[in-house]
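Residues or ranges marked as domain 'Antenna complex alpha/beta subunit' in TrEMBL: 9-44. Annotation comment: TrEMBL describes 15-40 as transmembrane segment.
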Amino acid sequence: MVDNTTLNEEEAKEFHAVFSSSATAFVAVAIVAHVLAWMWRPFWPGPEGYVALDTLTQTLTFLS
């Protein structure tokens, strides 16, 4: 089999390590962003839409 890459074995392993850690960090940031967005405003509103959530937020703010 012909190897058409310009990386040697050590460089390929180093690239793989950096790529894997970067992908893991990206996924972790994406998960945190989705959790924060869900806490701010759930992706699927209740039966009355987002108005019900706004009323709940105002009530909780008033009570605290």
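Just so it is clear, glycine is given a Cβ too, placed from its N, Cα and C backbone atoms.
Within the domain 'Antenna complex alpha/beta subunit' (9-44), the DSSP-based counts of helix, strand and coil residues read 32 helix, 0 strand, 4 coil.
Looking only at the domain 'Antenna complex alpha/beta subunit' (9-44), the predicted model's pLDDT averages out at 92.
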